[in-house]
Amino acid sequence: MATGADVRDILELGGPEGDAASGTISKKDIINPDKKKSKKSSETLTFKRPEGMHREVYALLYSDKKDAPPLLPSDTGQGYRTVKAKLGSKKVRPWKWMPFTNPARKDGAMFFHWRRAAEEGKDYPFARFNKTVQVPVYSEQEYQLYLHDDAWTKAETDHLFDLSRRFDLRFVVIHDRYDHQQFKKRSVEDLKERYYHICAKLANVRAVPGTDLKIPVFDAGHERRRKEQLERLYNRTPEQVAEEEYLLQELRKIEARKKEREKRSQDLQKLITAADTTAEQRRTERKAPKKKLPQKKEAEKPAVPETAGIKFPDFKSAGVTLRSQRMKLPSSVGQKKIKALEQMLLELGVELSPTPTEELVHMFNELRSDLVLLYELKQACANCEYELQMLRHRHEALARAGVLGAPAAAAVGPTPASAEPTVSESGLGLDPTKDTIIDVVGAPLTPNSRKRRESASSSSSVKKAKKP
């Protein structure tokens, strides 16, 4: 059964503690349920955060007592939170002043330090860092049989191995401490070569048959060449550094031109292949009987690559579509190609939007695809002509300057105005010597075809004027 307190909670009413304890509801509570009685609560003063101060900074300044932050900096603890030390109630672990010895020292020196009483009798904790290099030891008989060298005496070899044990194979320190007065002056590479040669000999002699050997190898010649190259690199003059940077920049330019030439040759080859494929398919369609053409019209459509011609979308989805939508050019064709295509159609006397019958749509799309392919081939041919003309001018300039031994006409002769590069089924009919020049010399970026034709015509006219 619900009590008065439950009813008060449901109606969101508050009352005195006596009423809440007894569970009685007054008349005012039932008549005016919206009026809530304010609870007596301790009023706390709040301070507004100053403008421009971050919330995190203000939280650091705000103390637990809700006091206002100080206006002036002071040394008192008011306004800042102090970290209290958390002291446990456990018993403190005892520490003891005890002696210890370092195993790395051979003199047996005794030292003292504080350690926990529970660790009494244990080894020195830093003894695990006492790592030494195992330098091999050889006998007199082994030296005479396997390690004898005319350039090294036994006393000098013993001195080298003694320094190797003392300085843990730090050959720079060994070279500094080497007795150059008593023995011959040696370089760091000579010391390394002698040491590792003896280690390899001893490893081969003492090896057990059937075990894998880890023989240290040191190439002294390679190390000498490496240091010599580093010394030359360090001793370069500012002029040499600038020249090297210039050569690196030229190398990057040559590589970029080479990549661009390869890309253009690949695009040109794709265009030629597409032209050959389209011509072959046209011949096949002409040879086929007329009765079978309507049956194979859907299955044997000429497949023009995306890189050449126009790739029209296929409307194979369910639903009703207009046939004129098949003549719509895709978005991949640029505005420049569209304008050139419209100009060629007007020159041929073909309507830009003919009646969209089945046969007309198919033939109109094929015609526009062939026209775009022809436009791309003309552009590629113009690029090649422009590059060839630029290379011919550069070759003649070098020949006049005396850089090339052969005359300009011997390598690349002047071509007549009527000679034009023809496109055959195998490729472009270019001279092999011209291909060699194009592969070796990097051509600059080509401008528009109109500018190319103007520059070519102007250069030819200048040549004719110079001739006597």
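The backbone N, Cα and C atoms fix where each Cβ goes, and this holds for glycine too.
Quantities reported herein were computed from a predicted structural model and do not represent experimental measurements.
Listed in Swiss-Prot:
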COMPBIAS  1-11  compositional bias 'Basic and acidic residues'
COMPBIAS  26-48  compositional bias 'Basic and acidic residues'
CROSSLNK  K27  SUMO2 cross-link
CROSSLNK  K214  SUMO2 cross-link
COMPBIAS  258-267  compositional bias 'Basic and acidic residues'
MOD_RES   T446  phosphothreonine
MOD_RES   S449  phosphoserine
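Per DSSP, the compositional bias 'Basic and acidic residues' (1-11) is made up of 8 helix, 0 strand, 3 coil.
Across the range of the compositional bias 'Basic and acidic residues' (258-267), the DSSP-based residue counts are 10 helix, 0 strand, 0 coil.
K214 (SUMO2 cross-link) carries neither a helix nor a strand DSSP state and counts as coil.
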